[in-house]
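Trainee: Below is the structure I would like to discuss, written out as structure tokens.
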């Protein structure tokens, strides 16, 4: 009468004293006989130990024995408040007896222990939680029987569980281990969340939890995707039932709760059976064999119809003719799954191990008012590994046909045997509901080669495009016309050849230049300079060098000694220093006409020029400017004052020639008149 919570599985289990974690009653006793497979040994671990030791383990104690029965031998006898036992208690055989004795005492919780075979070196108890471990990720073995009423779980999958939750109980809730069998868990620790949801799954109720510093989740195979009830992948024709509820409403319209209505989260009425008894069923055809790992159910989800199924069995088949009832391994009874406790809440149950079948049937055994439910199946594609391609060796060349036939029979028999023994199944790690085709080596090779080839071709195309772009850019930088080399003061003068320039007629702002820039040039270089850099300098006033002077060209005479030409023909004259009469333009605010350039040409002979030059300057009085050569020809065309006046431009802004007071001209400097000129 001293036995408390007890689950003894084939490889692991959990045992506790009566009333644990409260004080155990006086004068109680309990013995547990534990057996595992022959050849294995048992290891025992205590999660909590609190037994009165006031009489030195005389009346209250825990004793562990090797073996079962009268031939058993004692391993140890233990008692004490808050006793901490480091390590594990290990048996010498596959059988162990645990004896608990509770005498007269006033306090003491008793004990809770877990056992497993010795190959489970990472065994933990049902009381361990994530805060007991510092690693961010670890593997542990949970014993069977960790669904206990005195452990807490907060959270759910996939969001995670609060760090105060029991690891093994949360593993049962998540569906990664079985409460009947136990199993390995892979735990991952991460940052906590402000709120943990509650749910009911695998007969474990997870409570709502507050903020915590950390949480944990489980690594799984990923075979927990929906199989198509909610999404509609499973067609209506593949959902059938034993009966259908039909009933008229108040308006006389007939309501039919058909089996295709049994889709989870689908708005509207559910499937309901016409008769509520244990012979009703809902059947789903998955179209082909699938790996089914769980099921989610709800009630009617209609407030005015408070119907739901509270317990059910599961059957499965490959041909819809022969049905198998789901049982847990090692059990000889059908497993009854806990269903809903109300009509809205989703309740999940997992199958450990998974079911592999095409046809799936739900058989309600308990319900509230009427059998009504909505369903979704969890799982993934079930794939069978390909058998290797077999090549039969040629039979030995023997004249004896019987020996050859025997040899072939032996080969075929060995091949059949290898196929039967080597046949394996594979579980793809997917999380979706779509069917994943079986992956072969060819597909894997193509999955690697295709991206590599795409990257190589993309790289080549980029290289070609870059080379073509660079080549075109180089051509553009070279240009069709290259910049010539001039004897210039700077690169900007040459660049101005390619810039758009305004004509003299529209150019209002004068540009100032200094004659010092060209003072070092020789006479033979002057024409070239004048012709190539016409945009930079104004043309001279002497017609012997430049045939025509642009209109509105205004010049100011150089101060100091006037420059003179050594020869009117610069190509036939000897090389000597010549300073050309270039002047800076007048400022914008200056007078309209500038002072003419006075040159001493008396020492040069008169040379007729091919083309006369036109001057825009007026001499003092009515006398024409006496320039040698050019001036003589001008005087021959201006014998009268009237003709002399025609040579002068009308001042800007004036309607025509007027009085001398109205015309503002600068007085030319006095020059020596050549012989032959007359005064009017």
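Keep in mind that glycine also has a Cβ here, set from the backbone N, Cα and C atoms.
Curation does not apply to TrEMBL; its annotations are automatic.
Under the heading disulfide bond, TrEMBL lists 3-30. Residues annotated as domain 'CUB' in TrEMBL: 3-118. Residues annotated as domain 'LCCL' in TrEMBL: 120-216. If you look up TrEMBL, you'll see 223-380 marked as domain 'F5/8 type C'. According to TrEMBL, the transmembrane segment annotation covers 443-468.
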Trainee: When secondary structure is assigned with DSSP, how many helix, strand and coil residues does the domain 'LCCL' (120-216) contain?
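Mentor: Result for the domain 'LCCL' (120-216), in helix, strand, coil order: 11 helix, 38 strand, 48 coil.
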Trainee: Give me the count of other Cβ atoms within 10 A of the Cβ belonging to residue 30 (disulfide bond).
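Mentor: Neighbour count, Cβ to Cβ under the 10 Å cut-off: 20.
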Trainee: How many other Cβ atoms are found within 10 Å of the Cβ atom of residue 3 (disulfide bond), counting all protein chains shown?
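Mentor: Cβ-Cβ neighbours of residue 3 (disulfide bond) within 10 Å number 15.
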